[in-house]
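Here is what TrEMBL records for this protein:
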type	residues	note
ACT_SITE	385	active site, proton donor/acceptor
DOMAIN	70-418	domain 'Peptidase M14'
REGION	38-66	region 'Disordered'
SIGNAL	1-17	signal peptide
Ligand SMILES: [Zn+2]
């Protein structure tokens, strides 16, 4: 039987993000695609651009025709962050648990000057290994913010400029950034070039973006036959969700971040490729009239994930009207900023379920913080799917031109998100009020 979403797909709905059409059906790479010669993937840096004191600099603070020719290797991503930490006196974050391959996950804090601790925003990338360029987008954006603050300038991404005042405003959001949520997977993908998505759990690699503790038990929570975009308990599938919620050190480390920094109220996770800015929920379409009809109420188990409800299976996910209105508006602002940066690579704002329903995702877990912990306020969880499909065996490996377009579009999108967060209100920003 075809799932409800598979029927939608047959009607032409977009599915080209994170998962490829044959992966949504649990099948192998088609033979004709294996032979396809397409895009020349952007090379991966072979040396280490930042080991001798050079500091990364994004495209937003460089002359308009500048370009970056290689993707950062995992070694370079670490050196780039360390170089920024040293140059701009940031604080390194390392999460407590080693990954399966013994790597330490890391990030840094970019706070308001003189106001340490007021971290309201978590920006993350690299949870899906093959979505190349995500970590670069994030590191170069942070580099731009820091350069611009020091020089007292604005930033410009293609056709979209931001003033020095907007740079200051963006920094008020107090940022924690983590460029590699799946360092083992990225190291593997860079070494093998095999379009690797999941982590490297030797007992069965896990899709970390299905391993968070929200609607994880998809067989109970969703309607039967909803399709494997939601999740899978088959370790050979690209959406294998692990043996239990938070079974993986990488997802537990993200949980640790949220426990260490309870003031975080805006999160954005960077993915590719679809040209979408997504807001919650991801299990079904939203509604604002019935608070009891929600992702946490077992009374609606077995009903979630049906795009067009059938009699007896009515369910849509409750989101308070003000949050829904705010988050859909912020997503629209971010998409518009990305569209005004680079021509011909249209980005759309939409609810994440309209891509495909999913369980255990980072963004939905972030949006559920105030439900999972009543001490927490509302957290706004967003996802961006940057870029377009590249030709060839791995459609996630873009060429140099697209890599640079993506850096510009993501720079504009990240700036707009932070400015929108500051416009919406970040809570009490006084240093004294922050733990
Ligand atoms: Zn992804």
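Backbone N, Cα and C atoms are what each Cβ position is placed from, and that goes for glycine too.
When secondary structure is read from DSSP and collapsed to three states, residue 385 (active site, proton donor/acceptor) falls in the strand class. The residue listed as 'active site, proton donor/acceptor': 23 other CB atoms within 10 A of its CB, across all protein chains. Over the domain 'Peptidase M14' (70-418) the predicted model carries a mean pLDDT of 95.
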